[in-house]
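Here the structure is laid out as structure tokens; the discussion comes afterwards.
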Amino acid sequence: MTDWTTHAEAYKARIAAQIPAEWRLSPETLANLPLNVTRLPEDSGLLSDREKEIKTLDATSLAAAIAARTYSAVEVAKTYAKAAAISSQATHSVMDFFPDEAAARAQWLDDELARTGKPVGPLHGVPISVKDMIGLAGRARTCGSLTGALDPALQPSEDSVIVDALRRAGAVFYVKTTNPQAIMHLETNSFLGETLNPWNTRLTPGGSSGGESSLIAGGGSVLGIGTDIGGSIRNPCSNCGLFGFKPTAARIPKQGNVGGMPGQETIIGAVGPMAVSARDCELFVSSILAAEPWKRDPTMVGMPWRPEAARFSNGGERPRIGVMWDDGVVVPQPPMRRALSAAVDKLKAAGYDVVDFTPYRTAESWEILRQLYFTDGGAYVRGQAAKTGEPILPLTEWIMAGAKDNTATEVMALNRARDAFRLDWWRYFAEQKVDLILTPAYPGPAPVLGTSKYWAYTALFNILDMPGAVFPTGLYVDPQNPADKADVEGARPWLSEEDKLNAERYDAETFVGAPLALQIVGARWEDEMVVKALYGISDVVRA
């Protein structure tokens, strides 16, 4: 058998070769990159002033500008292809790159606009980046596994339902992004190596949609497709200071995507947008549902996007918010506490009804979830790795630790425990008389690479299948701010061993410049209400 590293290096060389020579950074530039590379495309000298101008727009504005013929779809596609090539050389966020295919699609869109005088859909000409596991006809898909990379059967011959819907809306696809081994890390590390956070390359962009968050934060994408089974949209968006939306699982199509454990149905993941604005999240979801994708994906609920159904319990324009300061197991690190406190102060000053929300049964949720994720004890993941000799990475070992190969009877018992937990928690939520929970998406800023070992702030809402959105607060870790100093032994009682470890992993100098983001969570099926609230809450907090 050829050593797995030979195959891995060949795959990485193929990705590097996809970047045109004129878009490559010099070895000297790559050897002397700053800690913060979010502006690398603009600072590289490779973008024109017009291309820099294009990159100041969110997806909604881009679509309008292309429809008005301020910019052509071709020049927008080239701008983002070039920016993605530049950014990914510093952060390793790309696993397949096809600018020529994007250019041909963009030219067709320009021709259609010239012929008909109207855009083909609400995303006409908007470049969209695609997570590895999402099916895109004729393009690579590895699912974070070298075995997957070498398996022709895993390469799709047709688009997934979500990609088809976005194409119908006018999207342009130009790049696929990295996800981690087993697609089950809150980081992005696989046989391709580690993907880095553009805000601070010591830190992780999160996972499993970390290639997306890294590319968007690094300026190489304006809108991307993520997935979320334990936090994989919300965590990366939090780590990289982005907007993201995890809908109720059955609202957005999944047919044609391949997860890290095919056939696992004890916890169902969601698909959603990762974006630079709140309105882009809604544009993404509404564009997909306008195509009636439930006619092709029978696992979906046939529910159009209904913004008019978004109502708050008080009948007004502002939701009643319950603030979960911690989850009862791990207290957020100091800068995240600062961000949450500042957000609450601003919301109260703006007239929002804000109350405390007491955490409930968090530790239990995680114990149930860890078993539900790997009902085969991790046998599938280990079997895939064994086919090439690819090693099981430390974070993969960590997430599978304690999982067992369950019998059918044991899986049924786990499902009963899940359902009982859900019912009890949903009742608890209803009793609190709030529309939304406001809480961190992770108990701190983006962690140092290799240390993301606490999922409960996001995973709790996966077992509950409650929709959630993340937004940047506009605040960053600041070593000069006394509020960002690390908790020291004895400063406060530890809630748990995980709490102590989380506190010990933080120091302000290491995390300098990391963005601080928060999440809001609403009741199951109240997706429109969560997105409506996202507009107002994020505007107030970021003001």
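Including glycine, each Cβ sits where the backbone N, Cα and C put it.
Copied from TrEMBL, the annotated features are:
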type     : residues                                       : note
DOMAIN   : 75-530                                         : domain 'Amidase'
ACT_SITE : Lys131                                         : active site, charge relay system
BINDING  : Ile183, Ser208, Ile229, Gly230, Gly231, Ser232 : substrate binding site
ACT_SITE : Ser208                                         : active site, charge relay system
ACT_SITE : Ser232                                         : active site, acyl-ester intermediate
Most Cβ neighbours inside 10 Å, all chains, among the binding-site residues Ile183, Ile229: Ile183
Check: same-chain CB within 8 A of substrate site center, minus Ile183, Ser208, Ile229, Gly230, Gly231, Ser232: Met184, His185, Leu186, Gly207, Ser209, Thr227, Asp228, Asn235, Gly269
Set of same-chain residues at least 6 away whose C-beta sits under 8 angstroms from Ser208 (substrate binding site): Lys131, Gly144, Asn179, Pro180, Ile183, Met184, His185, Leu186, Thr188, Thr227, Ile229, Ser232, Pro236, Gly260
Residue, out of the binding-site residues Gly230, Gly231, whose Cβ gathers the largest set of other Cβ atoms within 10 Å: Gly231
Pairwise Cα distance maximum in Å, substrate-binding residues per record: Ile183, Ser208, Ile229, Gly230, Gly231, Ser232: 11
Cβ atoms near Ser232 (substrate binding site) (within 10 Å, other residues, all chains): 37
Cβ neighbours of Lys131 (active site, charge relay system) where a neighbour is any other Cβ within 10 Å: 27
For the domain 'Amidase' (75-530), mean pLDDT (0 to 100): 98
